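Participant: Okay, these came from Swiss-Prot:
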{"type": "ACT_SITE", "residues": "Cys102", "note": "active site, nucleophile"}
{"type": "ACT_SITE", "residues": "Cys225", "note": "active site, cysteine persulfide intermediate"}
{"type": "BINDING", "residues": "Gly11, Leu12, Ser13, Gly14, Gly15, Val16, Asp17, Ser18, Met37, Gly126", "note": "ATP binding site"}
{"type": "DISULFID", "residues": "Cys102-Cys225", "note": "disulfide bond"}
{"type": "SITE", "residues": "His127", "note": "site 'Interaction with tRNA'"}
{"type": "SITE", "residues": "Gln376", "note": "site 'Interaction with tRNA'"}
Amino acid sequence: MSAKKERVVVGLSGGVDSAVSAWLLKQQGHEVVGLFMKNWEDDDDDEYCSSRQDFLDAASVADVIGIEIEHVNFAAEYRDRVFAEFLREYEAGRTPNPDVLCNAEIKFKAFLDHALRLGAGKIATGHYARVRRAPALPGMPDGPLDESSAGALDRARVREAGGRFELLKGLDASKDQSYFLHRLSQAQLARTLFPVGELPKTEVRRIAAEIRLPVAAKKDSTGICFIGERPFREFLNRYLAHAPGPIKDERGRTLGEHVGLSFYTLGQRKGIGIGGVKERGAARGGADHAPWFVARKDRPHNTLYVVQGHDHPWLQSFRLEADDASWIAGTPPAPGALAAKTRYRQADASCVLAPGADGRFRLDFGVPQWAVTPGQSAVLYDGEVCLGGGVIAAAA
C-alpha cells in the first residue's frame, strides 16, 4: 500500500474485488476516482454480454463509496492489441491466453495512460497480487523502464524508492492472479496498487457486506470477457475458417471427425465427439471406458490425435521451450532451479531454467507436466516472487 496520499484511479469492473479496493483506498485518505473500462463492443451480443449490467453495478458502488466514476471505451485498443493476436494464435494452431495480453496492453497500459492524463499518481485494480519494492541494486540500469510512455517519470520513481519493484503472489493462494500479470513492466508496477492482494477472499466479501456494497454477493466473473457465457466453439466459428478432418488414436485408427483443429486444445476431454468409442483390448489403466483426451494436432494433415486416459505418455512433458519472454526485472533470471506454472491454478512445479537468445528460454522438469499447451504462458517463480515468463512454443 502507498503511504503517500495521492490521486488513485481505480478500475471498477462491477465486481466485489475492485469495489472493496476502491473503498480501502478511500479509507486510507487517497483521492479516489473510479473508471469503468468497456473493452468489447457488445451491440450484437445482448444475449451473452453483461457489460451494461457491470457498469450499472460499478456506478452503484461508486455512489455508495462516494467517488466519481468515468466510463471509457477501449474497444478499439482491445481489438488491435489483444483480439487480433488472439485470432492469429488460434489460426496458427496454438491456444492463447488473452487475459495475459489484456492486462499488459489494456488494463495496465491504455488504462494507465488514461489515468495519468487525469492527473493520477497511481492506478489500482482488484487483482489478487502484491507489489513490493526490492532492495536497490548497485549500478541499477534504467533501460528496462523505457517500455512505458511514462518511462522517464517511473525511472525517477524507482530511484526514489531505492530499488526495483517486485510482483508477488496474492496472500490468498486460492485466488492468486500473478500468473495473469507476469508481463507487467517496472514502469507499470511502479504506478500500481493491489489493495485486496493482502486479504483473503472471505475477508473481501465480509468487508463488502459490512459496508453494504450492492455487489457484496455478486458471483465472480468467469471466462474470457469478449466471449461471455456463449459456447466457445460458437464464438470462434464467427471469426475463424475451419475444415473438418479425421480424429485418430495413437495407432492411427480413425475414431471420428473433428470440426476444425482450432476448436480443440491439448488436454481437452469434453466436446471431442467420440465419447462412445472404446479402446480395443486392454486400455491404459486397465479400463476400456477411460476418457479420451486431445493429445496432438497435426496441422499439415488436418488430423486431431486423441489418447485414452489422463496419464497417457503423450500428455506428459519433461521439457518445454518458450518464446516472447517478458521479465519483471527487465532482464532474465540467472540459469538454475526455480518453479513454474504452465497453466492457471496449477501448483508450482520445480524446474531448471535455461535462458536463451531473442526472448527464448527452456524449462526442464523433474516431474512430468500434464498437457503443456503451446500458446499458453509458462510463468516462473522464486518463492512468492513472480519473475515473469513467456509463451509456450513446444513441449517434449
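Placed from the backbone N, Cα and C atoms, the Cβ positions cover glycine too.
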Participant: Among Cys102, His127, Gln376, these being the recorded positions, pick the one whose CA is nearest to that of Asp17 (ATP binding site).
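Facilitator: Comparing Cα positions, the candidate nearest Asp17 (ATP binding site) turns out to be His127.
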Participant: Mind giving me a neighbour count for Asp17 (ATP binding site)? Other Cβ atoms within 10 Å of its Cβ, every protein chain shown.
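Facilitator: Looking across every protein chain shown, the total is 25.
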Participant: For Gly15 (ATP binding site) and His127 (site 'Interaction with tRNA'), what Cα-Cα distance in Å is obtained after rounding to a whole number?
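Facilitator: Gly15 (ATP binding site) and His127 (site 'Interaction with tRNA') have their Cα atoms 11 Å apart.
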Participant: How big is the Cα-to-Cα gap, in Å, between Ser13 (ATP binding site) and His127 (site 'Interaction with tRNA')?
Facilitator: 11
Participant: If I take the alpha carbons of Met37 (ATP binding site) and Gln376 (site 'Interaction with tRNA'), what is the distance between them in whole Å?
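Facilitator: On Cα coordinates alone, these residues lie 25 Å apart.
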Participant: Using a Cβ cut-off under 8 Å and a sequence separation of 6 or more, which residues in the same chain sit near His127 (site 'Interaction with tRNA')?
Facilitator: Asp17, Gly170, Gln177, Phe180, Leu181, Phe194, Val196, Gly197
Participant: In sequence order, which residues at least six apart in the same chain have a CB under 8 Å from the CB of Gln376 (site 'Interaction with tRNA')?
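Facilitator: Counting only residues 6 or more apart in sequence, the Cβ neighbours of Gln376 (site 'Interaction with tRNA') under 8 Å are Thr95, Pro96, Asn97, Thr342, Arg343, Val391, Ile392.
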Participant: Quick check: in three-state DSSP terms, what is Gly11 (ATP binding site)?
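Facilitator: In the DSSP reduction, Gly11 (ATP binding site) maps to strand.
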Participant: How many whole Å apart are the CA atoms of Gly11 (ATP binding site) and Cys102 (active site, nucleophile)?
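Facilitator: About 14 Å separates the two Cα atoms.
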